[in-house]
Amino acid sequence: MSSGIVGWGAYVPRYRLNVLEIAKLWGYDEGVVKSLGLMEKAVPSHDEDSTTMAWEAARNALMRAKIDPSEIKAVLFGSESKVYAVKPTSTIIIDSLGISHETLSADLEFACRAASVGLRLLSGMVEANRIKYGLVIGSDVAQSNPGDVLELSSAAASVAYIVGPADESSAIIEYATSYTTDMPDFWRRDGMPYPLHGEAFTGEPAYFAHIISAVQLLLKEGGYSISDFDYFVFHQPNGKFPLQVAKKLGVPLEKVKEGLVSPYIGNPYNASALLGLAKVLDIAKPGQRILVAPFGSGAGSDAFSILVTDKIEERQKLAPRVEDYINNKKVISYSVYAKTTNKYKVYE
């Protein structure tokens with residue numbers, strides 16, 4: 001049995017923070033912002049977190065899938081910013097959406113790639129006929145130390161996919177590959193409030209090497225060429241890297257631009273590349289093929305070949321599009337952002 005994406009959904013908080021304002025506050029040159037290709041980043045309201053956003057995205061995915069939540073038999077949640085250090089978010093999603101208690105669930109961790117791994121796992125479970133439908137969610141309120149360059153891009157958003165049989169799918173998962181190494185490019189030890197990053201490792205040895213390796217493996221094993229794909233979506237830590245990796249792979253930039261989200265909302269970690277995929281699915285036509293390659297620090301990358309079916313056009317209209325969320329925004333000041341996200345602790 002083949003598997004595919006039956007339904008997809010997204011959620012992006014309404015609040016936006018101007019990236020240039022952050023840069024000026026901490027003394028960064030305007031050229032730094034320009035070089036990153038970022039304009040604004042999405043940030044949560046005081047009552048939003050990775051769990052509430054996950055529920056929003058999953059509800060949208062259910063609307064598109066048009067299935068009863070009780071039919072879902074596996075729920076996987078990928079995040080770097082879980083509300084609880086020890087308590088799964090996937091169980092909260094199960095009860096809040098009316099999913100059966102007779103369901104496999106787990107929270108996954110692999111930096112920005114955990115949800116992508118979940119997508120591969122659910123695809124395999126469906127293909128092995130162990131489940132009919134599974135739900136995977138990538139949701140993050142991305143963490144960054146105030147004043148660190150990461151604060152220019154770290155953002156909040158969520159994306160969800162319901163995986164099921166190919167004959168019911170909006171898009172078929174044709175093939176997938178993975179590439180993984182031990183790479184110290186980004187980490188957060190237990191008890192640390194914010195992650196650290198080894199800047200010498202974040203570019204060529206980590207992001208570019210892993211994505212290129214996963215994509216080249218997909219092309220080789222699947223028998224594809226670059227020209228077989230209509231859209232390419234890469235992990236988006238900023239607006240510059242996905243364009244650079246496209247150039248290295250010989251991908252025309254016009255095949256990348258529709259999947260870009262980071263210039264408008266920043267990098268929402270687990271919802272980065274998969275949110276770009278959702279943005280493409282919102283507009284894709286039957287017969288078009290998409291290559292999506294998420295990346296997670298530590299480090300690893302997956303590459304998927306996804307073929308759009310004739311069921312997609314009906315489902316595109318059933319829930320808000322990623323573009324709708326991008327355009328529905330309210331710009332706030334850094335001080336409001338710092339207050340609503342508890343950036344600074346008050347000790348009495």
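Heads up, the Cβ atoms here are built off N, Cα and C, so glycines get one too.
Annotation source Swiss-Prot lists (3S)-3-hydroxy-3-methylglutaryl-CoA binding site at Asp29, Cys112, Ser153, Thr202, His235, Asn267, Ser297, citing sequence analysis. The active site, proton donor/acceptor annotation in Swiss-Prot covers Glu80, His235. Among the features that Swiss-Prot reports, active site, acyl-thioester intermediate is placed at Cys112, with the record citing sequence analysis. What Swiss-Prot records for Lys240 is CoA binding site.
What Swiss-Prot annotates, mapped onto the structure for a quick look.
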residue : record                                           : DSSP class
Asp29   : (3S)-3-hydroxy-3-methylglutaryl-CoA binding site : coil
Glu80   : active site, proton donor/acceptor               : coil
Cys112  : (3S)-3-hydroxy-3-methylglutaryl-CoA binding site : strand
Ser153  : (3S)-3-hydroxy-3-methylglutaryl-CoA binding site : coil
His235  : (3S)-3-hydroxy-3-methylglutaryl-CoA binding site : coil
Lys240  : CoA binding site                                 : coil
Asn267  : (3S)-3-hydroxy-3-methylglutaryl-CoA binding site : strand
Ser297  : (3S)-3-hydroxy-3-methylglutaryl-CoA binding site : coil
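In sequence order, Ala23 constitute the residues six or more apart from Asp29 ((3S)-3-hydroxy-3-methylglutaryl-CoA binding site) in its chain with CB-CB distances below 8 Å. Listed in sequence order, Lys41, Cys112, Ala142, Ser153, Ser154, Ala155, Gln236, Pro237, Asn238 are the same-chain residues six or more apart from Asn267 ((3S)-3-hydroxy-3-methylglutaryl-CoA binding site) with CB atoms under 8 A from its CB. Annotation for Glu80 (active site, proton donor/acceptor): same-chain Cβ neighbours under 8 Å, separated by at least 6 residues, are Glu109, Ala111, Cys112, Ala114, Asp140, Ala142, Gln143, Arg188, Pro195, Tyr269, Asn270.
Neighbour density for Ser297 ((3S)-3-hydroxy-3-methylglutaryl-CoA binding site): within 10 A of its CB lie 27 other CB atoms from the protein chains shown. The Cβ of Lys240 has fewer other Cβ atoms within 10 Å than any other of the binding-site residues His235, Lys240. Of all the binding-site residues listed here (Cys112, Ser153), the one with the fewest other CB atoms within 10 A of its own CB is Ser153.
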